[in-house]
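Now, the feature entries from Swiss-Prot:
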ACT_SITE  R146  active site
ACT_SITE  K170  active site
ACT_SITE  H237  active site
ACT_SITE  R240  active site
ACT_SITE  H263  active site
ACT_SITE  Y272  active site, O-(3'-phospho-DNA)-tyrosine intermediate
DOMAIN    1-85  domain 'Core-binding (CB)'
DOMAIN    106-285  domain 'Tyr recombinase'
Amino acid sequence: MRADLDAFLEHLRSERQVSAHTLDGYRRDLLKILALAEKAGLSDWNALDTRSLRTFVARLHQQGQSSRSLARLLSATRGLYQYLLREGRCRHDPANGLSAPKSPRKLPRTLDADRALQLLDGAVEDDFIARRDQALLELFYSSGLRLSELVGLDLEWLDLKEGLVRVRGKGNKVRELPVGKAARQALEAWLPLRTQAAPEDGAVFIGRSGKRLTPRAIQLRVRQAGVRELGQHLHPHMLRHSFASHLLESSGDLRAVQELLGHADIATTQIYTHLDFQHLASVYDRAHPRAKRKGNADGGNDP
């Protein structure tokens, strides 16, 4: 088996001319499979079937290998077997159709409601930068905008009288969103100052030069506000996640949250139900008299 593996690696080096880094990756991954196969008493690559390979992958996953690493390992294994099939050294590919175990989806980070209010309720100086930053923070949290949507927002899409904003989201889809009272007030305080910069176009959020703020500039302003008010780094999407989580927590209306976020598939929105459950579980742990009851199920030493 080792001779076949070495021949494949030489094929990658001399004929495919892969980089040394890529070649080392193939070697490490395939040596893991070889070690497991030899430990199982297999004497050639034909003896490795899909069931055995799945068992090997599961074992590596239990040992702490990430899904990404295992996907790369399976890709290397498929490459080996395709080579062996072409060379007539093997009759099947046990990795065909096999996929790596999926990692649990990471929950988005959010602020709890009190922290969100702490961020937004700080004292605001009456100057260009402070008023602008307050308006964009309020709008992020009030309407759940994506960073790209806030960057691309023009005055003509803002209706403060009706408390509405239109944005162009993913897939060039336009949606209309409510603007809360606090966000309206922040925008009303910002827009008169905006004209001082002689804006080049209709962008709602601009710098002192009059140019539309870039995504990077907005990320920096949000991060600085987080450090100043909360002592932590924030990202614009964290405010969007907080908007969704708090709205779902209060309303329980998943479909409405989906529409407001502009998600094409409700499955994307369902991640926030896990956040909501975490909140409910936390409330239960803090408030229920028997939530943290000590002792075993049979009552310990009770008669």
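If you go along the chain as it appears here, the first residue is 1 and each next one adds 1.
Heads up, the Cβ atoms here are built off N, Cα and C, so glycines get one too.
H237 (active site) sits 7 Å from R146 (active site), taking the C-alpha atoms as the reference points.
Among the active-site residues listed here, namely K170, R240, H263, Y272, R240 has its C-alpha nearest to that of R146 (active site). Rounded to a whole value, the Cα-Cα separation of Y272 (active site, O-(3'-phospho-DNA)-tyrosine intermediate) and K170 (active site) is 19 Å. Cα of H263 (active site) to Cα of R240 (active site): a distance of 13 Å.
For the recorded site, R240 (active site), the DSSP three-state label reads helix. Helix first, then strand, then coil: DSSP counts for the domain 'Core-binding (CB)' (1-85) stand at 68 helix, 0 strand, 17 coil.
The candidate set comprises the active-site residues R146, R240. Of these, R240 has the most other Cβ atoms within 10 Å.
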